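Novice: Below is one structure. I have some questions about it.
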Amino acid sequence: MFKKKGCFMNQLEQKLEQDFGIVFSQKDLLETAFTHTSYANEHRLLNISHNERLEFLGDAALQLVISVYLYNRYPNKPEGEMSKMRSTIVREESLAGFTKACGFEQYIRLGKGEEKSGGRERATILGDLWEAFLGALYLDQGLPAVEKFLNQVMIPQVEKGNFDRVIDYKTALQERLQVNGKVDITYTVIDESGPAHAKEFTMQVAVDGKELSTGLGKSKKLAEQAAAKSALEQLGN
């Protein structure tokens, strides 16, 4: 999206400072965090680093911070329940949702092929970006900075019960169903109820013309997400 390195870095640094109060000392870490392997591979002669190693580190930092949060927040929950909660919070689709909620997806550097194939919207890439950013933040400023950022962005959504709103279930369902080839996924309103100011929609999701699941929502978009979520649950996601 950004053709010039200076433009990409300047706008990213400005956003981080304005939106989150984060200022990186080691600019190279930030640049690496937002560089996908496809971009690095297309510029091999420049010896550009990609974000996979930072992703590995960020995953560990994320797991630790969320584990501590759950341990303190739910003193009476057994280990098994906390593990399930953590898995839901750090799942790929939710991390991709937080990446988009923060507007980070527009700054990732992708190879031309990856860009053309829709990589900027791919949950796998966006989830990896989130972890890579956390890894870079950890190396630059330590675990307290990672914890502060997550408490600012992720934890409030869990506390408010708005967590599902961050997860893009439609994208997750599409990627799940298209693993073995392209399929036709359609969403159709099959029922509307309630007064004009408080309507509720029933949405059907179908795959290649066959109904897979339905979902309810106070808007068509929310109903689509609910239908996709229900479909994923049926598929055992």
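Keep in mind that glycine also has a Cβ here, set from the backbone N, Cα and C atoms.
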Novice: Among E52, E55, E211, which residue does Swiss-Prot annotate as binding Mg(2+) at the site that also has D128, E131?
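Specialist: Same Mg(2+) site in Swiss-Prot: E55.
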Novice: Measure the Cβ-based neighbour count of D128 (Mg(2+) binding site), defined as the other Cβ atoms within 10 Å of its Cβ.
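Specialist: Its Cβ has 26 other Cβ atoms within 10 Å.
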Novice: Which residue counts does DSSP yield for the domain 'RNase III' (13-142) in the helix, strand and coil classes, in that order?
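Specialist: Its residues fall into 98 helix, 2 strand, 30 coil.
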Novice: What is the total of other Cβ atoms whose distance to the Cβ of E55 (Mg(2+) binding site) is within 10 Å?
Specialist: 20
Novice: Please count the residues of the domain 'DRBM' (168-237) that DSSP assigns to helix (H, G, I), strand (E, B) and coil.
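Specialist: Residue counts for the domain 'DRBM' (168-237) by secondary structure: 27 helix, 25 strand, 18 coil.
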Novice: Near D59 (active site), how many other Cβ atoms are within 10 Å of its Cβ?
Specialist: 19
